[in-house]
Amino acid sequence: MRCLALDIGGTKIAAAIVKNGEIEQRQQIHTPRENVVEGMHQALGKLLADYEGQFDYVAVASTGIINNGILSALNPKNLGGLAEFPLKASIAKHTDKPIGLLNDAQAATYAEYQLQNSEQVSNFVFITVSTGVGGGIVLNQILQTGSRGIAGHIGHTLADPNGAICGCGRRGCVEAIASGRAIEAVSSQWEEPCDPKEVFERFRKNDEKATALVERSAKAIANLIADLVISLDIQKIAIGGSVGLAEGYLPLVEKYLQDFPSIYCCEIESAKFGQDAGLIGAAYWVKDVLLDKPEGTIYG
């Protein structure tokens, strides 16, 4: 079956035909930043028109929360201020094919889990450390989406009760300490301001302030991993995202994990899928979990 896969992020919308895990005819456009509701309707309509007649079903991975076909966000800033959007209904205006929706980090998790030996790893987590911090959870070989679509929003667990206010409105979330946005909130105030990419360049040159900032992020992720392992008996974790895959970051996380008792630790690896993880994961998940159900139920 041929899938039209869409990956809606805070800055871009990617689209492609996915067949047997292979990407074809990939394109990417900017996520609307002005008149975002109407802009999103128009963007989706154009993408559906571009691929008309070339797909058997639609799979969407999107930043934010997917619940009953509605897209919303814990942190609306991640979607250009878009607080709520009828995502499934918008797509359904342009196609009568089946539609399935899920969170982008959940989709990436499903893609990464396809690379695991499910008989050896039944409890798995993917963590993305990028502009924000997100993730997905597989328990007993099943991707957890939750009754409200919020399962896996691990970036909004507590890291520091006295920390900065997160974009979700809570104080001290992991995202408010470990993310690229959190790193930039500090580095932009330095005497010589810089973005997260330059922070890591300075970190690799042993700059004191940059090292402290990267270490703060890595410690928060190490503690998050320990919490996940001890609460859910996680066997393996993959870390991705622009921060998570930055040179020198994963070894720091592993270093801080070694300070904990061994029961809090598990195997950690770098995520294998790159920018197309959401597209591939969504295509696989919709086919495996929704289309292949005997009753054929499609939901999002």
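Glycine too: its Cβ is placed from the backbone N, Cα and C atoms.
Pulled from Swiss-Prot:
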- 5-12, 132-139: ATP binding site (BINDING)
- H156, C166, C168, C173: Zn(2+) binding site (BINDING)
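Structure coloured by features recorded in Swiss-Prot.
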{"residue": "D7", "record": "ATP binding site", "Cβ contacts under 8 Å, 6 or more apart": "I13, A14, A15, V60, A61, S62, D104, A107, D276, G278, L279, A282"}
{"residue": "G9", "record": "ATP binding site", "Cβ contacts under 8 Å, 6 or more apart": "T31, S62, T63, D104, G278"}
{"residue": "T11", "record": "ATP binding site", "Cβ contacts under 8 Å, 6 or more apart": "H30, T31"}
{"residue": "G134", "record": "ATP binding site", "Cβ contacts under 8 Å, 6 or more apart": "T63, N103, D104, A105, I127, T128, G152, H153, I154, G155"}
{"residue": "G136", "record": "ATP binding site", "Cβ contacts under 8 Å, 6 or more apart": "N103, A105, Q106, A107, A108, T109, Y110, V125, F126, L143, Q144, A151, G152"}
{"residue": "V138", "record": "ATP binding site", "Cβ contacts under 8 Å, 6 or more apart": "T109, Y110, Y113, S122, N123, F124, V125, Q144"}
{"residue": "H156", "record": "Zn(2+) binding site", "Cβ contacts under 8 Å, 6 or more apart": "L74, C166, C168, R170, C173, V174, E175"}
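Those residues of the chain, other than H156, C166, C168, C173, with a C-beta within 8 angstroms of the mean position of the Zn(2+) site C-beta atoms are L74, N75, G155, G167, G169, R170, V174, E175, A176. The most densely surrounded of the binding-site residues A5, C166, judged by C-beta neighbours within 10 angstroms, is A5.
A 10 Å cutoff on Cβ-Cβ distances gives C168 (Zn(2+) binding site) a total of 19 other Cβ atoms nearby, all chains included.
Note on C173 (Zn(2+) binding site): other Cβ atoms within 10 Å of its Cβ, all shown chains, come to 30.
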